[in-house]
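These notes concern the structure reproduced below.
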Amino acid sequence: MMEKNTSEGPACSSEETASESAKVPTAEPPGEVAVSESTREEQVPKPQAPDPQAPTASTATKPAPPSEDVPSAPLLLTLEDVSSSSVTVSWEPPERLGRLGLQGYVLELCREGASEWVPVSARPMMVTQQTVRNLALGDKFLLRVSAVSSAGAGPPAMLDQPIHIRENIEAPKIRVPRHLRQTYIRQVGETVNLQIPFQGKPKPQATWTHNGHALDSQRVSMRTGDQDSILFIRSARRSDSGRYELTVRVEDLEAKAVIDILVIEKPGPPSSIRLLDVWGCNAALQWTPPQDTGNTELLGYTVQKADKKTGQWFTVLERYHPTTCTISDLIIGNSYSFRVFSENLCGLSTSATVTKELAHIQKADIAAKPKGFIERDFSEAPSFTQPLADHTSTPGYSTQLFCSVRASPKPKIIWMKNKMEIQGNPKYRALSEQGVCTLEIRKPSPFDSGVYTCKAINVLGEASVDCRLEVKASATH
C-alpha cells in the first residue's frame with residue numbers, strides 16, 4: 001500500500017511545459033499541489049504552420065505499448081474533503097502494476113466547459129492521496145487519476161460527479177439577548193436600539209418585519225453586518241409597539257427570532273368622580289376608569305384629600321385598584337375636596353379628577369351621660385405575706401430580721417422579745433416601709449438570743465409572726 005502524504009507544489013499543463021521549455025517547474029514534496037491562475041483559464045492550442053522537415057504521421061507514430069507493460073486503472077477513487085479553497089482525493093493501487101513497475105500517479109482536472117485535461121502536478125507522484133489547494137470559489141471541474149509506468153500511463157479512474165468549490169455552509173443561528181426575551185418596554189420619545197447577534201456562513205441575509213409587514217423605512221432603520229443586525233428607532237411612538245420578527249437566511253436554511261416591543265406613556269385621569277355619601281367622619285367616593293391607559297395596564301389609583309381651610313393635598317390611598325372607596329378619620333367641622341390620579345409604569349397621570357362637591361363633616365349633638373362612680377373599699381385586716389425566719393448570728397456583728405405585712409388602713413407595728421416589747425431600746429432599730437418590716441439588732445451578744453415577734457394592728461384586726469434568734473458565742477481555746 002502506498003503511503004498517503006500532503007504537500008504543496010505548482011501546477012502547470014503539459015502544453016505549457018512543452019511550449020515554455022525555459023521555465024523549469026519547482027520541485028515540491030509529493031502529495032499536495034497548488035493550482036495557479038494559468039490553469040484556471042481555458043487553454044486553446046494555437047494553430048501552427050506545418051514544418052516541411054517534420055516526420056510524417058506514419059514515421060512519427062510510435063507503436064502502442066503492450067497492455068502488460070502499463071498498469072491498470074487505480075481503484076476506489078474517493079473524494080475525501082472539499083473546502084472553500086481545496087479538494088482532497090484518495091485511491092487504492094491498481095490490480096495490475098505492469099511488467100515494468102509503477103513510477104507513480106498523475107492527477108488531472110478538467111474544468112467545466114473545457115475539453116482538455118490538465119495535470120495538477122509536474123511529475124508523477126508515488127502517493128495515494130493528494131490535496132489540491134488555492135482553488136477559487138465557484139470553480140467546477142472533474143478529477144481523474146492514472147497510474148504511470150516507464151511504458152506510459154494506464155487507463156484513468158474518474159469521479160462520477162463534478163466537484164463544485166463553494167464556501168462552507170453553516171446553518172444560521174440567532175442569539176437573542178436575555179433582556180429581549182420578554183416584552184421590551186420603552187416610553188414615548190425614547191430611542192429603540194436593538195442589536196441582535198447571529199451566526200452563519202456564508203454571510204446570512206437578514207430581514208425584519210413588523211406585525212407581519214415590511215418595516216417603515218421613514219421611521220425605522222436597519223443595518224446588518226457579518227455577525228449582527230441592528231434595528232433603530234430614533235423617537236418611539238405608540239404605533240411602534242408590536243411584534244418584530246428577524247429572519248436570517250443562508251441559502252435554503254433560515255432562523256427566526258421574535259421580539260415584542262411595547263411603547264407606553266402616562267395614562268389619562270379618571271373620566272369622572274362623584275361624592276356618594278357623607279356620614280359621621282366618613283365620605284364615600286366613586287370614579288370611572290380613564291379612557292386612555294397609556295398603552296399598558298394600570299397599576300392602580302392614588303386618592304388624595306384637601307381641607308378647605310388649608311388647601312393642602314394629602315395622599316390617602318396609593319395604587320388602589322377598585323373604583324370606589326371610603327375615606328375615614330375626617331375631622332369634625334371641616335369641609336373636604338377629593339381628587340384621584342391614574343397610575344401605570346410611567347407614573348401618575350399628568351392631571352387628576354376632582355370632586356365638584358365638598359364633603360362637610362357636621363358636628364353631632366351628643367350629650368355625655370357620665371355613669372355614677374362606685375368607690376371600692378380596700379380596707380383589710382393585717383396579714384403577713386412574708387413571715388419571719390429563724391436566724392443564727394455571730395456576737396459583735398449586727399443582724400436584721402425581715403417580714404412583710406399587708407393591711408388597710410396602715411397598721412401599727414410592734415416588736416417583742418420573748419413577748420416583751422422592745423420599743424425605745426437603743427439596741428434595736430425598727431423600720432417599716434411599703435409593708436416591709438425590719439428589726440436591726442446592733443452588735444448582738446448571747447444574751448440577745450430568744451424568740452422575736454412582729455405584731456401588726458389596725459382597726460380591723462391584728463396579726464403576728466415570730467422567729468428564733470440564736471447568737472452563738474465564739475469558741476475559746
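The count begins at 1 with the first shown residue.
The backbone N, Cα and C atoms fix where each Cβ goes, and this holds for glycine too.
Listed in TrEMBL:
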- 11-22: compositional bias 'Low complexity' (COMPBIAS)
- 73-168: domain 'Fibronectin type-III' (DOMAIN)
- 172-260: domain 'Ig-like' (DOMAIN)
- 269-364: domain 'Fibronectin type-III' (DOMAIN)
- 382-466: domain 'Ig-like' (DOMAIN)
- 1-72: region 'Disordered' (REGION)
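Across the domain 'Fibronectin type-III' (73-168), DSSP assigns 0 helix, 46 strand, 50 coil. The DSSP breakdown of the domain 'Ig-like' (172-260), given as helix, strand and coil counts, is 6 helix, 53 strand, 30 coil.
Residue counts for the domain 'Ig-like' (382-466) under DSSP (helix as H, G, I; strand as E, B; rest coil) come to 3 helix, 53 strand, 29 coil. Secondary structure of the domain 'Fibronectin type-III' (269-364), assigned with DSSP and counted as helix (H, G, I), strand (E, B) and coil, comes to 0 helix, 49 strand, 47 coil. Across all of the domain 'Ig-like' (382-466), the predicted model scores a mean pLDDT of 91.
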